[in-house]
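In TrEMBL this protein carries:
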type	residues	note
TRANSMEM	12-31	transmembrane segment
TRANSMEM	69-89	transmembrane segment
TRANSMEM	101-118	transmembrane segment
TRANSMEM	138-159	transmembrane segment
TRANSMEM	171-199	transmembrane segment
TRANSMEM	205-223	transmembrane segment
């Protein structure tokens, strides 16, 4: 019986227990912890340099109040990149292809930025709902439109991450299936298709990193509006 291509996005079970919790916990075990020595090894040095560079770039447009979010945003960035990259390995499961998980990240963090804006500067936060110089007849319509766009932000965050990863995984599986089908019949075409599959895999690696970066970058932009 033909297995559905969407079965790869179902959480695997072992003795009736979903293994998504292990898939979420595993990335934190893979990173080396800093040692107590004065001089670290090359891996920890490169890891610390990359984290510092990303933190500086992410926190540059934010004021001092937004710098409190540095640890949370950088940890989320590393977590998403690791999960997305591990999901490209054979016989693995990608938790970020689940919309529920991505919305679980997007909604609380977006809501926290809105609450911070309402608490610290309510006039400025509410001012984003009405652009300056708006004609009086258009004021009710623009307020409704801006309010809808505000509440669509977390949905866009979660759907963007889910859709990009799901589309990439489906395309890889479709082309891999085509390679196996064409190999006994047309070896030359199968080799060319396998080359396309290799290039697509490299592209999917880039997408896995870029989507995690875009997710955190948009959260930092929402935070910038409210701090």
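In case you wondered, yes, glycine gets a Cβ from its N, Cα and C as well.
Remote same-chain partners of the transmembrane segment (69-89), defined as residues 6 or more beyond its termini with a Cβ less than 8 Å from a stretch Cβ, comprise 23-24, 26-28, 30-31, 51, 54-55, 58-59, 62, 95-97, 105, 109, 161, 165, 169, 201, 204-205, 208-209, 211-213, 215-216, 219-220, 223.
Residues 58-59, 61-62, 66, 69, 73-74, 76-77, 80-81, 84-85, 87-88, 105-106, 109-110, 113-114, 116, 153, 157, 160-161, 164-165, 168 of the same chain, all 6+ positions outside the transmembrane segment (205-223), place their C-beta atoms under 8 angstroms from a C-beta of that stretch. For the transmembrane segment (101-118), same-chain residues at least 6 beyond its ends with a Cβ under 8 Å from one of its own Cβ atoms are 20, 24, 72, 76, 95, 124-126, 150, 153-155, 157-159, 161-162, 215, 219, 222-223, 225-227.
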